[in-house]
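Take a look at the structure below.
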Amino acid sequence: MTAQRLAGYGFVTAAFLMPVLGVAAPLGIAPLGALLALATVPLVLRTGALRRLPRAILILPALLVVWGAISTLWAIDPREALGGTAKLALSTLAGLVTVAAALDVEDHWRRWTGLALLAAVILAGCVLIVEYLTGNGVTYVRQTLANGSISLLRSSLGRGAVIVAMVAPAAIVLGLSHRFRWGVAALALVLAGLFLGDSLSTRLAVALAILAAVASLLRPPGLLRAVAVATIALMVAIPLAAQRMPDPHHTFQNWRWLPMSSHHRMTIWGFTGQHIAEKPIRGWGMEASRSIPGADEEIQVWRYDADGTRTNVGLREPLLPLHPHNAVLQVWLELGLPGAALLSAFLLAVLRVLSRIDPARRVERAAGLAAFVGTFVVATVSYGFWQSWWQASMWLAAALLAMASRPEGAANTVAIDRAAE
């Protein structure tokens with residue numbers, strides 16, 4: 001089997017499996033990303049595709065890995081830090097290989113990849129809509145079959161909804177470019193259906209991604225520059241805001257508009273912000289979130305009536321369960337100022353690539369900006385940033401979008417290198 005064919009089959013398979021795994025077994029996306037990287041290595045080695053990626057896209061993630069490795073020297077748990085750095089290095093290498101291959105695979109594989117991606121997104125979306133319309137019925141069935149009992153509070157398909165939203169921009173571009181209009185129309189219904197779910201972070205990410213896409217289609221001057229400024233501002237403002245988070249007892253009593261799960265986020269972020277302030281320059285070390293002093297302590301909060309009588313409404317919250325559920329705070333906490341600077345520079349490099357897409361290709365530019373905004377929103381309110389499944393999801397979504405957005409018939413050097421100059 002030739003390198004092109006191996007990579008092509010790999011992309012078609014991954015495009016179909018990623019949304020399906022997102023709903024059924026999201027942790028399986030990590031090995032899926034690794035297998036796709038292995039399938040595309042021969043093509044990348046034969047064409048030298050990695051060398052033609054923008055230098056910043058190559059160097060900045062590598063420097064983040066290096067800084068993570070250096071931070072093991074002062075990490076609370078050096079073994080945990082070293083293991084986390086090794087996993088990040090492998091995820092980064094696999095991601096870069098996959099993105100490079102996406103820009104070199106032959107054009108006819110784009111059509112099959114687009115068809116597979118559309119079909120899988122629609123299939124996964126239908127499962128999600130059934131889940132929402134039946135009051136989390138799919139979760140009910142899964143828990144009954146797996147455990148024989150039910151502890152039904154929230155949908156267990158939240159990660160699947162995020163994956164569907166992340167790959168939707170690539171699916172739309174591929175669908176429109178290959179005239180799969182039926183698929184794009186169905187995908188639009190799926191995205192609308194995501195607003196029926198109980199995940200506030202997913203609804204917020206989809207809404208802001210759609211807003212970003214619409215704004216891009218209108219082509220206001222300086223839009224990407226404004227997004228870049230906002231991104232850097234958030235990288236600075238989020239840890240500062242976390243340090244000034246009110247006491248959990250105060251927020252639980254007075255911020256009654258806040259959902260219960262979101263209140264726990266406030267508690268976590270406040271605790272994280274306080275520890276960022278203790279070591280803002282070099283951070284606590286890679287994977288330190290798992291072992292920060294006091295992280296395993298729990299706080300009990302209650303609500304009180306106007307006369308001071310305690311009600312039955314309360315929460316018992318761990319201060320930091322494994323990670324801050326916020327990529328910006330996690331990078332600041334563990335890798336300090338250098339880590340935050342490297343992540344900021346990488347985000348700016350991604351926006352620079354988007355800014356160099358031909359303005360006449362409005363759909364591709366809009367899809368790229370929507371993917372950037374949606375992923376950034378999810379990353380700042382959910383998940384551990386170093387988790388292998390999440391890293392693989394971001395790299396796979398980026399690779400699919402890179403394949404979808406390149407000019408048909410264009411070489412890697414045209415699609416990407418000139419964008420970085």
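Cβ atoms here come from the backbone N, Cα and C positions, even for glycine.
Features reported for this protein in TrEMBL:
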- 186-343: domain 'O-antigen ligase-related' (DOMAIN)
- 20-45: transmembrane segment (TRANSMEM)
- 57-76: transmembrane segment (TRANSMEM)
- 112-133: transmembrane segment (TRANSMEM)
- 153-173: transmembrane segment (TRANSMEM)
- 202-218: transmembrane segment (TRANSMEM)
- 223-242: transmembrane segment (TRANSMEM)
- 335-354: transmembrane segment (TRANSMEM)
- 366-386: transmembrane segment (TRANSMEM)
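For the transmembrane segment (366-386), the residues of the chain that approach it from at least six positions outside its boundaries are 84, 87-88, 162, 165-166, 169-170, 172-173, 201-202, 204-206, 208-217, 223-224, 227, 231, 234, 238, 265, 286-287, 289, 322-323, 325-328, 330-331, 347, 350-351, 354, 357, 394, 397-398, 401, 404-405, judged by C-beta separation under 8 angstroms. If you count C-beta pairs under 8 angstroms between the transmembrane segment (223-242) and each of 20-45, 57-76, 112-133, 153-173, 335-354, the highest count goes to 335-354. Using the rule of three or more Cβ pairs under 8 Å, pairs at least 6 apart in sequence, the transmembrane segment (112-133) is not in contact with the transmembrane segment (57-76). Of the recorded ranges 20-45, 57-76, 153-173, 335-354, the transmembrane segment (202-218) has the largest number of C-beta contacts under 8 angstroms with 153-173. Here the transmembrane segment (57-76) has long-range neighbours at 50, 82, 84-85, 88-89, 92, 95-96, 99, 282-288, 291-292, 334-336, 338-339, 342-343, 345-346, 349-350, 353, 420, meaning same-chain residues at least 6 beyond its ends whose C-beta is under 8 angstroms from one of its own.
Beyond the transmembrane segment (153-173), the same-chain residues lying 6 or more positions past its ends with a Cβ under 8 Å from any Cβ of the stretch are 15, 18-19, 21-24, 26, 29, 114, 117-118, 121, 124-125, 127-128, 131-132, 136, 138-139, 142-143, 183-184, 187, 190-191, 194, 197-199, 201-202, 205-206, 209, 213, 261, 363-364, 367-368, 370-371, 374-375, 378, 382, 393-394, 396-397, 400-401, 403-405.
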